[in-house]
Amino acid sequence: MDAMVSTSYSMELVVLSYAISMIGAFIALISAKRLEPKVDDRQSYLMSLGSTGIALGGIGVWSMHFIAMLALRMDLGTGYSIWETGVSLIAAVAISALAFHIVARNPHSIGRLLLAGSMLGLGAVVMHYLGMYGMRFGGHLEWNYERIAVSVLIALVAATAALWLAFHTEQTSMRLLAAAIMALAVCAMHYTGMSAAEFICTTENRLAIPSGRYVLSALGLPMVVAVLALGMSMVLLMDLALVSFQKSSTRAGIPRK
């Protein structure tokens, strides 16, 4: 007989997921300010665009998602498909970068803002549910479609607001506030989406951990998330350091190569 699995959350990891999302959002806001139409240095623009996509999509959304999944507590052995997990990361970063690129061409265009906001919001939704689809366990998921619709609506509104804030916040204090709001929206979308899912176990041994050539166990997930998040953070720090060095060189009159 099918049995619904009860779930709960580790509040420490829930708080950590919010903090990670806020950090990613804050770095994205900093990087986005360098995406200006007047910039004619293609290399610098692409670096800034990549940093923005990694910060928001890779850290603010993807890393937050899987830390939040680690916060999920249930008596059910789980694993994650490497393919869906990897594709969800690439999708989150690529769609975030593309959305910022669209708005950066004309930050005052309402049409561009709505288009990019819809794209970014749907990208976050795809990332979330693709990550959920990549879960492996002895059973299946049943969905509350009304709650899914609410999570999609949250994502669309939050993404549009995030893009507007990215190009209309100047002071550090305002960027911190904007990042806090963006992270709250990302978490609201995630946990609303999670509340839409019911885990149904169809095997006698609930705790059996799925195995396979391309399946990552839940025990190995923290290491993978930590390594990828650290790697993305190092890329962002190197980009910020390079920008700081270039600004210092410009002020000192040192020509750029």
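Keep in mind that glycine also has a Cβ here, set from the backbone N, Cα and C atoms.
Note: TrEMBL annotation is automatic and uncurated.
The annotation domain 'MHYT' is assigned in TrEMBL to 9-200. Taken from TrEMBL, the feature transmembrane segment covers 13-32, 44-68, 80-101, 113-135, 147-167, 174-194, 214-237.
Contact counts against the transmembrane segment (13-32), taken as Cβ pairs under 8 Å, peak for 44-68 among the stretches 44-68, 80-101, 113-135, 174-194, 214-237.
Proximity of the transmembrane segment (80-101) to the transmembrane segment (174-194) is not established, fewer than 3 Cβ-Cβ distances being under 8 Å for residue pairs spaced 6 or more apart. Computed over the domain 'MHYT' (9-200), the whole-number mean pLDDT of the model equals 90. Long-range Cβ contacts of the transmembrane segment (214-237) within its own chain (Cβ-Cβ under 8 Å, at least 6 residues beyond either end) map to 20, 27, 31, 51, 54-55, 58-59, 63, 66-67, 69-70, 77-83, 85, 89, 136.
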